[in-house]
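Q: Below is a structure I'd like to ask you about.
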Amino acid sequence: MCLKDMHLPPSALSSSLRIGNIEIRNRVALAPMSGVTDLPFRMLAWRFGAGFVVTEMVASRELVGNAAESWARLRNSGIDPHIVQLAGREAHWMAEAAKIVEANGADIVDINMGCPAKKVTGGYSGSALMRDPDHALSLIEATVKAVRVPVTLKMRLGWDENSINAPLIARRAEEAGVQAITIHGRTRMQFYTGKADWDAIRAVRDVISIPLIANGDVDTITDAVEILRRSGADAVMVGRSCQGRPWHAGVLAGAADGPDAADIAAIFAEHYAMMLDFYGSEIGLRHARKHVGWYLERFAPGLPAAQKAEILMSKDMELVSDRVAAAIACSGVEPMRGEIAA
C-alpha cells in the first residue's frame, strides 16, 4: 500500500489544523470506538495517514482505581499526538483521571459526552450528560483546570429531538477552555439509526470559534468534503466506516491510496498478529474475532456462511490468515484512491 508524501498541497482534507498548541497533520480523524480503536488499530490507522486517532473510552473512576483494562487503553507506541478519551459522571474523578493521563504522556484529553450505549448512559455518563448541561459543564471545567494540555469534547446534537442543546453546551464549553469540539450528527435516542444530520451541526459552528469536527455517516471522499461544506466544520471524524479498514481515514485525507486485494490480505495478517501480541493469544483471539468478521463482510461478502464460521471460530493463526487472504483474493477488490473531490 502506497503512503503518499505527507507534504501535500493544502486542500479541504489534507491541510493541517491546530488544536490548542498541537498541530494536527490533516483533517480526517479516527473516532474513538470502544472495542475497536485499541492500540493495534490506532497504530495502523496512524501509519496509513489518519490526521489523529483517539483511544477507546477510558472510564475515569476505574482508571483512578487502577483498573488494568483502563491502563491498557492508555498505551501508546509512536502515535503523535497521543489523545486519550475519558468518560465519567463526577467532576472529581474526571479531574483526577485527566491528571493521570497527562502524567502518562497524553497530549490531548478528550471528554466523552456522545456515547449512546445503555451501559454508559445508565450510569449517567456519555451522552446522558447532555440532559443536564450545568452538571456537564462542571465536569468540563474540572477537567480543563486539572491539566495543562488541551481538552476537547465529543458529543451529539442532544439527548433527543426535543432537546437539541449541542450549541448551548458547545458555547459554554469553549468559555470553560475547551480547545475543539466534535459533534456526531444524531441525538442519543437515534443511536445509529436514520441519517446523520450534517446541516444541524452548523448551529454549533455559528456559536464557537474553536475548531469544530463533524462526525456521522462519512464513508467516501465525497461524503467528507460534503459534511465540511454543510456543517461549516474544520475537520471530519470517521468511525464505523473504518471497521475492517484501518487505512480508511488516511485514504480520505489523501495521505494514502486504497489497498488492492494483496495489500488488504497483508494488512489483515499484520493486524491479526498485532492483536494476538498485544492481548496474548487467548484474549487476542476473542478480541480479533469481530475484526475478522468486518474484513470478511467488506471484502469477501460472498463467502459461504459455513466457511466464514470456520474462520471466525478457528484458534489457528496461520489458518485464519491464509483463509482470509484467499477469500479476499477471490473478491476482486478495487482500490479506493485518495484524490480529493473537486
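Cβ coordinates are placed from backbone N, Cα and C, and glycine is handled just like the others.
Below are the features I grabbed from TrEMBL:
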- Cys115: active site, proton donor (ACT_SITE)
- Gln85, Lys154, His184, Gly239, Arg240: FMN binding site (BINDING)
- 30-302: domain 'DUS-like FMN-binding' (DOMAIN)
Q: How would DSSP class Arg240 (FMN binding site) in three states?
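A: Note: Arg240 (FMN binding site) is helical by DSSP.
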Q: Taking Cα-Cα distance, which of the binding-site residues Gln85, Gly239, Arg240 are within 10 Å of the residue listed as 'active site, proton donor'?
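A: Cα filter at 10 Å returns nothing.
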Q: Would you mind listing, in sequence order, the residues at least six apart from Lys154 (FMN binding site) in the same chain with a Cβ closer than 8 Å to its Cβ?
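A: Residues satisfying the criterion: Ala31, Pro32, Gln85, Asp110, Ile111, Asn112, Met113, Gly114, Ile181, Thr182, Ile183, His184, Asn215.
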Q: Between His184, Arg240, which of the binding-site residues has the fewest other CB atoms within 10 angstroms in the structure shown?
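A: Minimum Cβ neighbour count within 10 Å, taken over the binding-site residues His184, Arg240, occurs at Arg240.
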Q: Report the largest Cα to Cα distance, in Å and rounded to a whole number, among the residues Gln85, Lys154, His184, Gly239, Arg240 that the record lists as binding FMN.
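A: Spelled out: the longest distance between any two Cα atoms in Gln85, Lys154, His184, Gly239, Arg240 is 17 Å.
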Q: Can you name the residues of this chain that are 6 or more positions from Gly239 (FMN binding site) yet have a C-beta less than 8 Å from its C-beta?
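A: Same-chain residues close to Gly239 (FMN binding site) (Cβ under 8 Å, separated by 6 or more) are Leu30, Ala31, Met33, Asn215.
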Q: For Lys154 (FMN binding site), just give me the three-state DSSP call.
A: strand
